[in-house]
Amino acid sequence: MLLLVGLGNPGKQYEFTRHNVGFVVADTVARDFNFPEFSSKYDALVSVGNVGLHRAMIVKPATFMNRSGAAVLKAASMHKIPAEQITVFHDDADLQHGVVKVKQGGGNAGHNGLRSIDAAIGCQYWRVRLGVGRPDVGSLSGHVLSDFHDFDSVQQLAHKISANLTELLDGNVNGFISKIRCDHAQ
(Lines of atoms letter the chains of each structure in order from A and count residues from 1; the text may use other names and numbers.)
(Lines give C-alpha, C1' and ligand atoms only; values in the text may rest on other atoms or scores of the structure.)
Protein backbone atom coordinates (compact mmCIF):
# COMPACT_ATOMS: atom_id res chain seq x y z
CA MET A 1 0.00 0.00 0.00
CA LEU A 2 1.08 3.56 -0.71
CA LEU A 3 0.54 6.49 1.63
CA LEU A 4 -0.58 9.77 0.03
CA VAL A 5 -0.42 12.63 2.53
CA GLY A 6 -2.03 16.00 1.95
CA LEU A 7 -0.73 18.67 4.32
CA GLY A 8 -2.88 21.46 5.71
CA ASN A 9 -4.39 22.88 8.86
CA PRO A 10 -7.72 21.67 10.24
CA GLY A 11 -10.70 23.99 10.49
CA LYS A 12 -12.98 25.92 8.15
CA GLN A 13 -10.98 29.15 8.60
CA TYR A 14 -8.00 27.52 6.82
CA GLU A 15 -9.94 25.73 4.07
CA PHE A 16 -8.99 28.07 1.20
CA THR A 17 -5.52 29.10 2.41
CA ARG A 18 -2.28 28.50 0.57
CA HIS A 19 -1.04 26.29 3.41
CA ASN A 20 -3.94 23.90 2.73
CA VAL A 21 -3.18 23.18 -0.92
CA GLY A 22 -2.12 19.65 0.11
CA PHE A 23 -5.61 19.03 1.50
CA VAL A 24 -7.10 20.28 -1.79
CA VAL A 25 -5.06 17.73 -3.75
CA ALA A 26 -5.91 14.93 -1.28
CA ASP A 27 -9.64 15.70 -1.51
CA THR A 28 -9.48 15.89 -5.30
CA VAL A 29 -7.69 12.54 -5.62
CA ALA A 30 -10.21 10.95 -3.25
CA ARG A 31 -13.14 12.28 -5.32
CA ASP A 32 -11.62 11.55 -8.73
CA PHE A 33 -10.79 7.94 -7.81
CA ASN A 34 -14.05 7.29 -5.90
CA PHE A 35 -12.44 6.68 -2.51
CA PRO A 36 -14.91 6.12 0.35
CA GLU A 37 -15.69 8.95 2.74
CA PHE A 38 -12.85 9.98 5.04
CA SER A 39 -12.94 8.60 8.59
CA SER A 40 -11.03 9.65 11.71
CA LYS A 41 -8.02 7.47 12.47
CA TYR A 42 -4.34 7.97 13.40
CA ASP A 43 -4.95 11.65 14.36
CA ALA A 44 -6.01 12.19 10.76
CA LEU A 45 -8.80 11.91 8.24
CA VAL A 46 -8.13 8.72 6.28
CA SER A 47 -9.56 6.98 3.22
CA VAL A 48 -8.35 3.84 1.45
CA GLY A 49 -8.93 3.05 -2.21
CA ASN A 50 -7.21 2.54 -5.54
CA VAL A 51 -5.36 5.01 -7.73
CA GLY A 52 -5.16 3.05 -10.95
CA LEU A 53 -3.53 -0.25 -10.02
CA HIS A 54 -2.11 1.14 -6.77
CA ARG A 55 -3.74 0.51 -3.40
CA ALA A 56 -3.42 3.77 -1.49
CA MET A 57 -4.32 5.38 1.80
CA ILE A 58 -4.95 9.11 1.69
CA VAL A 59 -4.09 10.84 4.96
CA LYS A 60 -4.99 14.39 5.96
CA PRO A 61 -3.48 15.04 9.42
CA ALA A 62 -6.06 16.44 11.84
CA THR A 63 -3.33 18.24 13.77
CA PHE A 64 -1.88 21.60 12.89
CA MET A 65 0.84 21.61 10.26
CA ASN A 66 3.78 21.56 12.69
CA ARG A 67 2.54 18.27 14.20
CA SER A 68 1.79 16.40 10.95
CA GLY A 69 4.53 13.85 11.54
CA ALA A 70 2.63 12.08 14.33
CA ALA A 71 -0.28 11.17 12.03
CA VAL A 72 2.03 10.08 9.22
CA LEU A 73 4.07 7.92 11.61
CA LYS A 74 0.94 6.26 13.06
CA ALA A 75 -0.52 5.41 9.64
CA ALA A 76 2.81 4.26 8.19
CA SER A 77 3.67 2.15 11.26
CA MET A 78 0.26 0.51 11.47
CA HIS A 79 0.43 -0.57 7.82
CA LYS A 80 4.21 -1.12 7.65
CA ILE A 81 4.62 1.44 4.86
CA PRO A 82 8.25 2.51 4.37
CA ALA A 83 9.12 6.16 3.78
CA GLU A 84 9.94 5.42 0.13
CA GLN A 85 6.25 4.54 -0.43
CA ILE A 86 4.96 7.79 1.08
CA THR A 87 4.16 10.84 -1.06
CA VAL A 88 3.48 14.18 0.64
CA PHE A 89 1.64 17.00 -1.16
CA HIS A 90 2.53 20.37 0.35
CA ASP A 91 2.69 24.10 -0.28
CA ASP A 92 6.03 25.59 -1.30
CA ALA A 93 6.60 29.34 -1.09
CA ASP A 94 9.88 29.02 -3.01
CA LEU A 95 7.94 28.12 -6.17
CA GLN A 96 5.69 30.46 -8.11
CA HIS A 97 1.94 29.88 -7.87
CA GLY A 98 0.97 26.86 -9.96
CA VAL A 99 4.45 25.37 -10.37
CA VAL A 100 4.75 21.70 -9.37
CA LYS A 101 8.01 19.89 -8.61
CA VAL A 102 8.68 16.39 -7.33
CA LYS A 103 11.64 15.04 -5.39
CA GLN A 104 12.52 12.26 -3.01
CA GLY A 105 14.34 13.11 0.18
CA GLY A 106 16.19 16.31 0.89
CA GLY A 107 15.73 19.14 3.34
CA ASN A 108 12.52 20.70 4.56
CA ALA A 109 13.30 24.28 3.41
CA GLY A 110 11.87 25.61 6.67
CA HIS A 111 8.44 24.01 6.10
CA ASN A 112 7.13 23.05 9.54
CA GLY A 113 4.97 20.20 8.26
CA LEU A 114 7.93 18.60 6.50
CA ARG A 115 10.15 19.22 9.52
CA SER A 116 7.64 17.30 11.66
CA ILE A 117 7.45 14.42 9.16
CA ASP A 118 11.27 14.30 8.87
CA ALA A 119 11.52 13.96 12.66
CA ALA A 120 8.90 11.18 12.67
CA ILE A 121 9.90 8.98 9.72
CA GLY A 122 13.13 10.37 8.26
CA CYS A 123 13.41 12.24 4.98
CA GLN A 124 13.33 9.56 2.26
CA TYR A 125 9.66 10.08 1.39
CA TRP A 126 8.50 11.68 -1.86
CA ARG A 127 7.42 15.32 -1.91
CA VAL A 128 5.13 16.96 -4.44
CA ARG A 129 5.94 20.63 -4.02
CA LEU A 130 3.02 22.88 -4.93
CA GLY A 131 4.01 26.47 -5.62
CA VAL A 132 2.15 29.18 -3.72
CA GLY A 133 4.72 31.96 -4.27
CA ARG A 134 6.15 34.47 -1.81
CA PRO A 135 4.60 37.77 -0.84
CA ASP A 136 6.08 40.96 -2.26
CA VAL A 137 5.62 42.55 1.16
CA GLY A 138 4.56 41.21 4.54
CA SER A 139 5.29 38.02 6.40
CA LEU A 140 5.57 34.58 4.86
CA SER A 141 3.36 33.08 7.58
CA GLY A 142 0.68 35.67 6.86
CA HIS A 143 0.94 34.82 3.17
CA VAL A 144 0.57 31.04 3.50
CA LEU A 145 -2.27 31.44 5.99
CA SER A 146 -4.18 33.80 3.68
CA ASP A 147 -6.74 32.66 1.12
CA PHE A 148 -5.88 32.10 -2.53
CA HIS A 149 -7.06 34.96 -4.74
CA ASP A 150 -8.04 32.51 -7.50
CA PHE A 151 -9.15 29.27 -5.88
CA ASP A 152 -10.52 27.96 -9.20
CA SER A 153 -6.98 27.77 -10.61
CA VAL A 154 -5.92 25.78 -7.53
CA GLN A 155 -8.75 23.32 -8.07
CA GLN A 156 -7.87 23.00 -11.76
CA LEU A 157 -4.26 22.24 -10.89
CA ALA A 158 -5.38 19.68 -8.28
CA HIS A 159 -7.48 17.93 -10.96
CA LYS A 160 -4.50 17.86 -13.35
CA ILE A 161 -2.34 16.35 -10.63
CA SER A 162 -5.03 13.77 -9.91
CA ALA A 163 -5.56 12.95 -13.60
CA ASN A 164 -1.85 12.23 -14.03
CA LEU A 165 -1.10 10.74 -10.60
CA THR A 166 -0.75 7.18 -11.87
CA GLU A 167 2.31 8.33 -13.87
CA LEU A 168 3.96 9.43 -10.63
CA LEU A 169 2.94 6.33 -8.69
CA ASP A 170 4.27 4.16 -11.54
CA GLY A 171 7.66 5.84 -11.02
CA ASN A 172 7.54 8.08 -14.10
CA VAL A 173 8.33 11.39 -12.38
CA ASN A 174 9.39 13.12 -15.60
CA GLY A 175 6.24 11.99 -17.40
CA PHE A 176 4.10 13.24 -14.52
CA ILE A 177 5.78 16.66 -14.46
CA SER A 178 5.67 16.91 -18.25
CA LYS A 179 1.93 16.23 -18.31
CA ILE A 180 1.24 18.68 -15.49
CA ARG A 181 3.18 21.42 -17.26
CA CYS A 182 1.56 20.66 -20.59
CA ASP A 183 -1.93 20.44 -19.08
CA HIS A 184 -1.38 23.52 -16.92
CA ALA A 185 -0.42 25.63 -19.94
CA GLN A 186 -3.79 24.98 -21.57
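Glycine too: its Cβ is placed from the backbone N, Cα and C atoms.
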Residue from Asn34, Asn108, Asn112, Asn164 that Swiss-Prot also lists as binding tRNA with Tyr14, Phe64, Asn66: Asn112
Which listed residue (Asn9, Asn66, Asn112) has most other Cβ within 10 Å, given these are recorded positions: Asn9
Phe64 (tRNA binding site) versus Asn9 (site 'Discriminates between blocked and unblocked aminoacyl-tRNA') - Cα distance in angstrom: 5
